[in-house]
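What follows is a set of notes on a single structure, which appears directly below.
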Amino acid sequence: MRLGLCVVALVLSWTHIAVGSRGIKGKRQRRISAEGSQACAKGCELCSEVNGCLKCSPKLFILLERNDIRQVGVCLPSCPPGYFDARNPDMNKCIKCKIEHCEACFSHNFCTKCQEALYLHKGRCYPACPEGSTAANSTMECGSPAQCEMSEWSPWGPCSKKRKLCGFRKGSEERTRRVLHAPGGDHTTCSDTKETRKCTVRRTPCPEGQKRRKGGQGRRENANRHPARKNSKEPRSNSRRHKGQQQPQPGTTGPLTSVGPTWAQ
């Protein structure tokens with residue numbers, strides 16, 4: 001009988017303890033939830049007393065601000081300068097630009113606006129526009145200079161050397177193009193209109209007729225180049241006499257007679 005009473009007493013005490021513990025736990029949960037709802041700022045769905053907001057509303061962006069050794073979350077409608085917005089289904093975040101002197105960026109490595117007095121060129125910030133680029137008139141952005149409009153290159157011409165197409169093995173060939181439009185009409189700012197490259201062909205002898213024409217042309221050019229040399233030559237005199245012919249003595253006239261050997265009678 002006593003044993004039965006002891007068992008009943010133990011069961012009743014255990015039930016009382018279990019009910020009391022559940023009540024205490026429920027009260028503690030309600031107290032934490034109430035404190036959390038009071039500490040979270042407007043637009044924050046989940047927050048912590050130590051780290052601030054942990055999750056913002058869907059239309060807001062969470063920004064982690066450093067406070068000593070902690071990072072505190074803040075909900076903002078847009079990201080501040082030096083940050084770009086990264087949207088994802090879980091939560092929108094503000095991520096800091098990693099480009100030096102950048103005020104606004106499209107991604108962590110592509111700037112869209114530099115700090116004051118700096119020039120923007122291909123997603124980077126510079127104190128001056130790089131070589132080969134110029135600043136726009138009303139912005140601090142560097143761009144390529146106005147380009148000339150050029151025609152297509154012509155086919156490569158035949159391989160030649162000194163305007164000859166034969167008698168050589170190594171020569172050159174060229175191709176050309178035209179300027180269709182130049183900014184301000186200044187063609188000097190445009191690219192080259194002629195290109196030349198070396199070429200090698202199988203050596204072929206020039207035709208005989210071409211050689212003769214070249215030789216005759218060379219003689220005519222020499223004659224035209226040195227006309228005094230031809231006039232300086234004196235005509236050959238008829239002073240050459242046949243062997244044995246006697247010249248007339250001064251003061252005598254008449255034909256010359258041959259002087260032959262005299263034979264004794």
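Just so you know, glycine gets a Cβ as well, placed from its N, Cα and C.
The shown structure was predicted, so the numbers you read here are calculated from the model rather than taken from an experiment.
As written in Swiss-Prot, here are the features:
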COMPBIAS  245-257  compositional bias 'Low complexity'
DISULFID  CYS40-CYS47  disulfide bond
DISULFID  CYS44-CYS53  disulfide bond
DISULFID  CYS56-CYS75  disulfide bond
DISULFID  CYS79-CYS94  disulfide bond
DISULFID  CYS97-CYS105  disulfide bond
DISULFID  CYS102-CYS111  disulfide bond
DISULFID  CYS114-CYS125  disulfide bond
DISULFID  CYS129-CYS142  disulfide bond
DISULFID  CYS148-CYS190  disulfide bond
DISULFID  CYS159-CYS166  disulfide bond
DISULFID  CYS199-CYS206  disulfide bond
DOMAIN    147-207  domain 'TSP type-1'
CARBOHYD  ASN137  N-linked glycosylation site
CARBOHYD  TRP153  C-linked glycosylation site
CARBOHYD  TRP156  C-linked glycosylation site
REGION    173-192  region 'Disordered'
REGION    201-265  region 'Disordered'
REPEAT    34-85  repeat 'FU 1'
REPEAT    91-135  repeat 'FU 2'
SIGNAL    1-20  signal peptide
CYS114 (disulfide bond): tally of other CB atoms within 10 A of its CB:
23
To the nearest whole angstrom, what is the C-alpha distance linking CYS166 (disulfide bond) and CYS206 (disulfide bond)?
5
Cα-Cα separation of CYS206 (disulfide bond) and TRP153 (C-linked glycosylation site), in Å?
30
How does the model score the repeat 'FU 2' (91-135) in terms of mean pLDDT?
87
Whole-number answer please: how many Å between the C-alpha atoms of CYS79 (disulfide bond) and CYS142 (disulfide bond)?
26
Would you count the other C-beta atoms found within 10 angstroms of the C-beta of CYS94 (disulfide bond) for me?
19
List the Cα distance (Å, whole number) between CYS159 (disulfide bond) and CYS56 (disulfide bond).
74
Quick check on the disulfide-bonded residues CYS44, CYS79, CYS105, CYS166: which one has the highest count of other Cβ atoms within 10 Å of its Cβ?
CYS105
